[in-house]
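Here the structure is laid out as structure tokens; the discussion comes afterwards.
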Amino acid sequence: MAAAIASQDIEELSQNGVEREDLQFEGASQVYVDLDFLPPGVKVPFPDISSTYHTPIPRAIKPGDPCILGVDEAGRGPVLGAMVYALSYCLKSYAEKLPSFGFADSKQLTHAIRMSLFTRICNDGQSSDDSELFENIGWATRIMTARDISSGMLRSQTGRVYNLNEQAHDATITLINEVLAMGVNVTEIYVDTVGPPASYQAKLSTYFPSIKVIVTKKADSLFPIVSVASICAKVTRDISLMCRDESDGRWGSGYPSDGKTTKWLKDALDPVFGWSGVVRFSWQTSKDLLEKNEGAVKVDWNDQDSADIRQSAMQSSGYWIGKLVTSEF
């Protein structure tokens with residue numbers, strides 16, 4: 001089986017605002033994390049239900065103080081595991097200090113550096129640097145599980161598919177609204193784009209008309225507050241994947257372009273149910289594996305009253321593996 005992303009996945013994800021370089025696995029991105037550090041918001045055992053975590057407002061931020069906020073994500077391209085949306089915020093006057101701690105384009109940072117920065121944000125530690133970051137930076141994550149992502153992409157909502165862009169937009173808007181509801185005076189928002197930047201910026205501006213909103217590509221390389229959010233998202237994504245690795249480390253990074261991942265997908269395919277909830281059944285990579293399996297047969301749904309269930313099930317896999325040819329609800 002070729003270790004490459006299905007062309008349909010590349011086309012769909014590119015249309016949904018994923019850069020092509022973000023779709024390809026790089027060996028250096030495959031990490032085996034130290035679970036002695038568990039990010040706030042990550043639970044063990046890892047659930048199939050999406051969840052949100054917010055830090056308390058940092059002590060340095062007082063009511064009414066103008067704050068700057070950044071949003072980024074991790075895990076749009078993988079066929080395995082969660083997609084994590086994250087935001088971070090701090091005093092507008094403090095944002096200029098962020099580069100001095102090493103916050104930069106997260107793709108250019110090693111996993112060890114990302115882990116170090118994230119733990120310093122999370123821990124009210126012994127060093128002055130740890131205490132300073134903890135007291136000045138607030139953040140939040142939305143862990144969107146593979147099961148929920150696929151459920152949204154494979155069902156209709158008000159007559160249309162709830163696609164990856166809409167799920168991403170809703171996660172961003174909800175996270176920002178929750179920070180505002182906490183009483184944080186956000187005056188500027190910077191977002192790494194999902195889809196065309198201009199239309200996304202216009203959309204966010206209608207939701208937050210009194211706040212300056214900037215949406216652009218590669219925002220984490222342009223705005224340090226987005227870099228902070230990107231690190232929160234990437235570390236949370238890495239650890240969440242390891243927390244539910246049911247393959248003893250054999251499934252790799254979770255990207256379809258990672259040969260280790262594609263081998264695990266093929267080897268772990270259940271004769272009836274396919275895979276566990278860690279796999280995104282809505283990805284073409286998953287569908288292709290089911291369709292090309294020699295034991296796959298089409299399911300003939302006979303009950304006309306089960307149209308919605310039938311459509312969802314057929315989209316979810318389209319195939320059962322084994323002897324079953326027909327089924328009725």
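A Cβ is built for glycine as well, from the same backbone N, Cα and C atoms used for every other residue.
What TrEMBL annotates here:
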type    : residues       : note
DOMAIN  : 66-295         : domain 'RNase H type-2'
BINDING : D72, E73, D192 : divalent metal cation binding site
So what sits near D192 (divalent metal cation binding site) in its own chain, CB-to-CB under 8 Å and at least six residues off in sequence?
V71, D72, E73, V215, T216, K217, K218, A219, D220, V226, S230
Neighbours of the divalent metal cation site D72, E73, D192: Cβ within 8 Å of the Cβ centroid, same chain, sequence order.
V71, A74, Y85, A86, V191, V194, A219, D220, V226, A229, S230, A233
At a 10 Å cut-off from the C-beta of D72 (divalent metal cation binding site), count the other C-beta atoms across all protein chains.
27
What number of additional C-beta atoms lies within 10 angstroms of the C-beta atom of E73 (divalent metal cation binding site)?
26
